[in-house]
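Before any comments, here is the structure.
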Amino acid sequence: MASPSKGSDLFSSDEEGPAALAGPGPGPGGAEGAAEERRVKVSSLPFSVEALMSDKKPPKGASPRPADSASAGAALRPLLLPGHGAREAPSPGPPGKPFEAASVKSESAEDGAAWMQEPGRYSPPPRHMSPTTCTLRKHKTNRKPRTPFTTSQLLALERKFRQKQYLSIAERAEFSSSLNLTETQVKIWFQNRRAKAKRLQEAELEKLKMAAKPMLPSGFSLPFPINSPLQAASIYGASYPFHRPVLPIPPVGLYATPVGYGMYHLS
């Protein structure tokens, strides 16, 4: 027969067995310990609010898992909506002032990284250049309007200009009174007509020079002017008593002999 002390020991051991296997019950001390352990784990993440505020680098040995880092980066990455600016996605964390400071800091860092990585996506809007205004030459305010000459007046002025380009004071006064014009109008018309005649004369001289220019092959030039009488006399010989007209010299390739010896013979 067992003693009472031994029986009590067996009874106590039987009650402690299931309790030891089940573990500590959900008491107030156990809940606080689990919450404290979870908070420590969250604060150890490099992307947590506490880590961003303290700017502490994680140890070299402990590197976060790829899934945790990817989820944390996606939580802090700003949302890009068409037509709106960058908005930060709500990230889990304890509310309060520390969360606001951390959100501002992460937003500035992520915005800078996004601008550096994708410059084409965040290009500034094109500038709308205003059309360049063409500045016209402004005439004088006191400028007199042009005189509308009639056909009969223009014919009389042209006829008088062909007779005499410069009119005296008496001739101008008489001529202007016959055309019902002022002396100033007649004077200005004659000045403009003389300038026009000079321009036409210069243009005609330029055309004559271009027509009289000899047709020489490209790359061929003479060391002397063709129209010079002294050089022409040296070509044809000094014994000629008169100057012969100078003809255009044909290209050198047509004759085997030197220039000038194919058509003319020296005396």
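FYI, residue positions are counted from 1 along the chain as it appears here.
Yeah, the Cβs are placed from backbone N, Cα and C, and that goes for glycine too.
Under the heading DNA-binding region, Swiss-Prot lists 142-201, citing sequence analysis as support. If you look up Swiss-Prot, you'll see 69-84 marked as compositional bias 'Low complexity'. Among the features that Swiss-Prot reports, compositional bias 'Basic residues' is placed at 136-146. What Swiss-Prot records for 1-147 is region 'Disordered'.
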Check: What are the DSSP helix/strand/coil residue counts across the DNA-binding region (142-201)?
Finding: 42 helix, 0 strand, 18 coil
Item checked: Overall pLDDT of the DNA-binding region (142-201), taken as the mean -> 91
